[in-house]
Amino acid sequence: MPMPGSRAIRVTLLTVRGSRMGPTGGTKAMTDNLGQIGTSFGYPLKEITGFVSLTSIWSYLGQITAGTLSEILITKYRIPRTLLLTLNILLSSVSHILIAFNVPGGLYVASVINGFCSGAFWSLIFTIISELFGLKHYSTLYHFGTVASPIGLYFLNVKVTGYYYDKEAKKQMAASGAVLKPGEALNCLGGECFKMSFIIITVVALFGAVVSLVLVVRTTKFYHGDIYKKFRNKAETKEEEDEMLSSVAESVGVGQEEGPTNKRSSG
């Protein structure tokens, strides 16, 4: 634990949760709406399928890269893992900006960045939780942190993305003089469909980065120390206990062998 005291623990835990809600909600909102974004921007179905595949592939690569890189940086340079979390959130905001302003060909890059950051985020956040709070209550902390993701997703996906998409679709329909038939879904075409919603998502992600930066400040001292020392001490203690038990067992065995020999000699 980097900071003693229940109040410090609560503050750190809330900071961890706050740094998750916006960024995870934004990346998941983009993933869930990737097909609709591609259609609105005029991409063919084959390319839209490719975007989904890119997101999945890079999510896996993000998990591996974040885990390996953060471990190297901590071990060699004592760089806090929480700093990599902040950089990851900032990188994810780039994908949101590409969508917000409908940069030509930007959906390809945005899919890669979004997938990578999504995978990297989960790899980092759960490792950070285990390092800061230990494994005694890890299951509870795991689910306490996970609940931030659906809350952020609901707000950014339904209340923001869905709202502004429908608003722009109705505006386009009114401009064309068309009438929405019962059971017919709203369709929106063009960059305006997701512009405002992804600007908001970008702002939320940047706010999450600021909260994450607070976490960096609070945990820098912890990560500058030897965070694996307690594990090495436990391993060394276990080895010493094993050696002691082995020595005792050998001594007992030797004593048992000498006993019958002495009896035969005296007889």
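Along the chain as shown, residues are numbered 1 onward.
Just so you know, glycine gets a Cβ as well, placed from its N, Cα and C.
Among the features that TrEMBL reports, domain 'NFD4 C-terminal' is placed at 30-223. Under the heading transmembrane segment, TrEMBL lists 82-101, 107-129, 141-165, 196-217. Under the heading region 'Disordered', TrEMBL lists 237-267.
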Other same-chain positions with a Cβ less than 8 Å from the transmembrane segment (141-165) and lying at least 6 residues past its termini are 13, 16-18, 20-26, 28-29, 32-33, 36, 125-126, 129, 133, 186, 188, 193-198, 200-201, 204
Quick check for me: are there 3+ Cβ pairs below 8 Å between the transmembrane segment (107-129) and the transmembrane segment (82-101), leaving out pairs under 6 residues apart?
yes
Mean pLDDT across the domain 'NFD4 C-terminal' (30-223) comes out at 92
